[in-house]
Amino acid sequence: LSSSEEKATASIIYSYKHSFNGFSARLTKEHAEIISRMPNVVSVFPSKTIQLHTTRSWDFLGVAPQQNEMGFSELAGSYDVIVGVVDTGLWPESKSFDDTGLGPVPSRWKGLCNNTGITNTSELFTCTKKIVGGRAYPLSSSSSASNSRSLLGMSTGSPIVQEFNNSRDGTGHGTHTSSTATGVSVSGASLFGLAEGTARGGYSKARVAMYKACWNGGFWSENSIMAAFDDAVYDGVDVLSVSLGGRPKQYDLDGIAIAAFHAVAKGVVVSCSAGNSGPDPKSVANAAPWILTVGASSIDRKIESAILLGNNFGLRWKYSYERIFQVLCQVRGGSFPGEKRFSKLSSCSRCVAGYVDATKVKGNIVYCILDPDVGFSVAAVANATGVILSGDFYAELLFAFTIPTTLVHESVGKQIESYISSTKNPTATILKSTTLSNVTPAPVVASFSSRGPNAVSPDIVKPDVTAPGLNILAAWPDNSPIFVLNNISYFSSYNIESGTSMSCPHVSGAAALLKAVHPDWSPAAIRSALMTTATILDNTNSPISDFNKSTSGPFDTGAGEINPQKALDPGLVYDITPQDYISYLCESGYNTTQVRLISGDPNTSCKPPKSNATTPFLNYPSIGFMGLTTTSPQSTERIVTNVGAPKSVYTAEITAPSSISIVVEPSSLEFSSTGQKLSYTITATAKNSLPVSMWSFGSITWIASSHTVRSPIAITSATKGMISL
């Protein structure tokens, strides 16, 4: 197409040649159309920009330190697990990546540490027996990136830091996620004394390889992500941890979904974050059925500050410093000392640039009512002595601010407002923060965690599971300041971050643990074990609650909070082959061209799908029914594989909504050998008409003497065309 071979070569960005065949290139619209019509080309689609989905957590999940450190050596044998992380890079000098005690790197490993173009020896990315690989996919002129480091629309003034052209991390996100999945135990870890304890990853004997595809704060394009997947599969990773994503879209147009399919087909577990667009419904990302999709929840630890108001009324909430402040804004139409014109609610609800007079806030504490759509800017109140932020959406999160700041729930904020209105000279003392453990209830679903139903495949319940993603302490680059105050940078080797970016590596670490013990298990079997053994109860033995204190459901938690200890011995698993996924896509309405793009197989073909009212079959560990009416019951089959004792009997226990009858046949499964497969049929019947816009939930649990194997069920009368994109 180009006038010369030199120009054509220069237009190529990446060539994909290991797990799938293809390339990314800078093309005009006309050239793209010409290529798409070529006989051996399945499809051409534009590269999209993707965003990162930005410790006690392993204790909370029940993974004991000796299990974490020893790696179940008696069970795991000699199998060496390698976790690949697609992220912003890794800080190799962190104590969390100490390779003491590890043996030689497995001979099967093909990865490398690429330092091409690095001349400063202090910037070299050095591989060890722990860090076994580092590849980088630099920015190209055709790809867009963002320098924003805001989380959930909330700018905290974090500085833009040095970027490196190799796999060294200048942002922090990749170091944090990598150490969460694979970090070794480091005692005395904390963020300026907060959350102090032993930091450790999920499977500390795992090796880690970094595939740096995100730059300048965390945005990058699908072409580099796909190149990272391609290399990771070739190098020989066992698990891929991917804490990034975009908006939900059809799988044949989703670079992560396509690359993940090829990785899974090669036996690699792909764990992805569900996204930070909650609590909006249909917001869950990375929801392809071959991806292990992870939502975020809290742990039983809080970092809390006591607020003492001038009337000696005490309030306990989160995260600030010891000081006495004067309250600036008197909301609800009142006034504050010295300035009546600054008293309206709007002046306190929009603590962003252009709404706050910097000269008037100087030396005072600012009280702000947070608007999730507007957020908060530290720069707007930089001259203040401190800030109290009120709002339910953000109050669960911890941030490192450049000035003393505390976040409170709206109910606490109303008490503060009442006090401000009661006096002409309101004051407050915010006491030094303390770390609390064994907090109840926990876990709680994080407000930001993206929710179902699955916008692309509504019958596939997503997310699959939840894991700790709220206020997680993990490793951080030594050169990346936590914040800058008065031109002084404050550094810490460990930082507290929140997001499904943080929950994803918890599941990646758990998957690595399972892979070490069960190296012959498929990615689907490992996901099944994590799902069917997940818990739906919190530490008070009550159903896991949502951030707003309502009871959560499968579209919030998936199958529940992971329990890695139980997942090691799940009893039964629901296995799926790559061909099963292809058949499912065909039944779901994808045409031959679309499925060939995903599979990479030019011989793939699809028959016309069945009626839109039926649910396509996939042997998934959760169950979704669509098109259920009083005259149209829905049935599906599931096949379970016995991975437990040779002789075992399982009995079905059904939980169904009052308006729906759910029957399983047979109601008992009797296994005579390990590895044996048995099937069952489950049928849902509506007792009366169901609202089209509503989903109902139930579950099926197979119970044996020492195992419970639970699958959530989601049911709607709507058909796919009424729900999906």
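Glycine too: its Cβ is placed from the backbone N, Cα and C atoms.
Features as listed in TrEMBL:
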- Asp87: active site, charge relay system (ACT_SITE)
- His173: active site, charge relay system (ACT_SITE)
- Ser501: active site, charge relay system (ACT_SITE)
- 4-53: domain 'Inhibitor I9' (DOMAIN)
- 80-537: domain 'Peptidase S8/S53' (DOMAIN)
- 618-715: domain 'Subtilisin-like protease fibronectin type-III' (DOMAIN)
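The secondary structure of Asp87 (active site, charge relay system), as reduced to three states from DSSP, is extended strand. You'll find the Cα of Ser501 (active site, charge relay system) roughly 8 Å from the Cα of His173 (active site, charge relay system). Cβ neighbour count for Asp87 (active site, charge relay system) (all protein chains, 10 Å cutoff from its Cβ): 29. One residue stands out among the active-site residues His173, Ser501 for having the most other Cβ atoms within 10 Å of its Cβ: Ser501. Model confidence over the domain 'Subtilisin-like protease fibronectin type-III' (618-715) stands at 96, taken as the mean pLDDT rounded to a whole number. Under the three-state DSSP scheme, His173 (active site, charge relay system) falls in the helix class. Per DSSP, the domain 'Subtilisin-like protease fibronectin type-III' (618-715) is made up of 0 helix, 59 strand, 39 coil. In this structure the alpha carbons, written CA, of His173 (active site, charge relay system) and Asp87 (active site, charge relay system) are 7 Å apart.
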